[in-house]
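A.B. asks: Please see the structure below; I have some questions.
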Amino acid sequence: MEDDYIQEDDGEIFIEQDDVYAEVPDDDNPPMDEDDEATDEVGNLPTDGDEIKDNSLQHFSEHKGSVFAVSCHPTEPLAASGGEDDLGYLWDITDGEVIVKLTGHTDSVSSTAFSSDGELIATGGMDGKVRIWRRVGKENYRTWEFLTELQGPDEVMWLRWHPKGSILLAGSNDTTVWLWQLPSGNTMQVFAGHTGPVQCGEFTPDGKRIVTACADGTLMYWDPRSSNPIFKLTPQDPRFELDGITSLAINPSSTLAVVGGTTGSVRVVSLSKGEVVGALRGHAEGESVEAVQFIDFAGTSGGHGIVMTGGTDGKACIWDVSTMRLRATLKHQDAVTTVLAHPAPKSHLVVTASADKTLKTWDIRTGTLVKEHTGHLEPVLSASLGLQGSVVVSAGDDHVCLVFTTEVDEEQT
């Protein structure tokens, strides 16, 4: 049975007792079932006749179509957004001013990403192009120049920068994954072996390995220096039957991956052993798990920690990976599209974004709603935390990006 996956064949428990966090009893917060959904009172949407309250700080409305992607600069009040209008923009989140129009794509810009040092911006498009801009000078972040265009993928599905260097990873719908060195733009590796669109991928936080997963349900673990995977898991392993894989995250110590699938299934994979060590059940069967995020709870990178999963069932589930137990279920009225974890010292706060047109900031210690962020007229498709988590920038199907503060209002304290 899947409940026994934590037990290894040699009788050793993979999750060690020393790694267990102080547990929050969940007896008073059982997993929600379908009957609970109708009675959920948090964050009810206004009816069509009601005006949606806009509590955002700033609008960015230059896009002429749906905004598919947004990412915040690591330290500066800047965001990079990309959309259906084939354009990206670098803009100031304090006043909405355009800093640079990121041109050159001939199809929708599906992803944007800043390098870890904030010196480079990448945009990825459905045209297969990856375009790179870099900051000019050291005085400020107002002047940027086009650096290079990278080609290879058919359609770019996601972009990830290396956590410590100027190395860029991209997943494509053509089953390949590309790795480039910047600023030269040289191709370092093309990873082949997936049999479906590569829908998600990540560098391990230590920067030494790569995990990718595809729509055909295969997960692959790579050494960036080799074109052959260290291991792969496929649907032929009955413990790893996820149908298509839609999301993944890696724990801070780079030892575990959590992957979500189109059927509502979530699996925990040991990267050191190359096998499934747990199954997390909390999402409705047949509902896709669209987002996974590890939470560095208590601001420490030790242990296996807490992970949050968001699904099309409107649930954001908080799990203790050490015990494989569900700690809390947070609710939206429609699909959860993004889950974000605050950096320390506020690592107890998380933000969820949803197709119900709202974002919500939660305190995972208690499972309570801290703040609801409203103002979008259509589904929120992407979101990113900026300025050390004090703001969240959202991208909407309504052609706009909004900036919200995640800080608790004084009247709420």
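Just so you know, glycine gets a Cβ as well, placed from its N, Cα and C.
Annotations for this protein, taken from TrEMBL, read as follows:
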- 18-40: compositional bias 'Acidic residues' (COMPBIAS)
- 18-49: region 'Disordered' (REGION)
- 60-101: repeat 'WD' (REPEAT)
- 102-133: repeat 'WD' (REPEAT)
- 159-190: repeat 'WD' (REPEAT)
- 191-232: repeat 'WD' (REPEAT)
- 329-372: repeat 'WD' (REPEAT)
A.B. asks: Is the repeat 'WD' (329-372) close to the repeat 'WD' (159-190), in the sense of at least 3 CB pairs under 8 angstroms with a sequence gap of 6 or more?
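C.D. replies: Result for the repeat 'WD' (159-190) with the repeat 'WD' (329-372) is no.
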A.B. asks: Across the repeat 'WD' (159-190), what does the pLDDT come to on average, as a whole number?
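C.D. replies: Per the prediction, mean pLDDT sits at 97 for the repeat 'WD' (159-190).
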A.B. asks: Across the repeat 'WD' (191-232), what are the DSSP residue counts per state (helix, strand, coil)?
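C.D. replies: The repeat 'WD' (191-232) comes out at 0 helix, 18 strand, 24 coil.
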A.B. asks: Determine how many residues of the repeat 'WD' (60-101) DSSP places in helix, in strand and in coil.
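C.D. replies: Taking the repeat 'WD' (60-101) as a whole: 0 helix, 22 strand, 20 coil.
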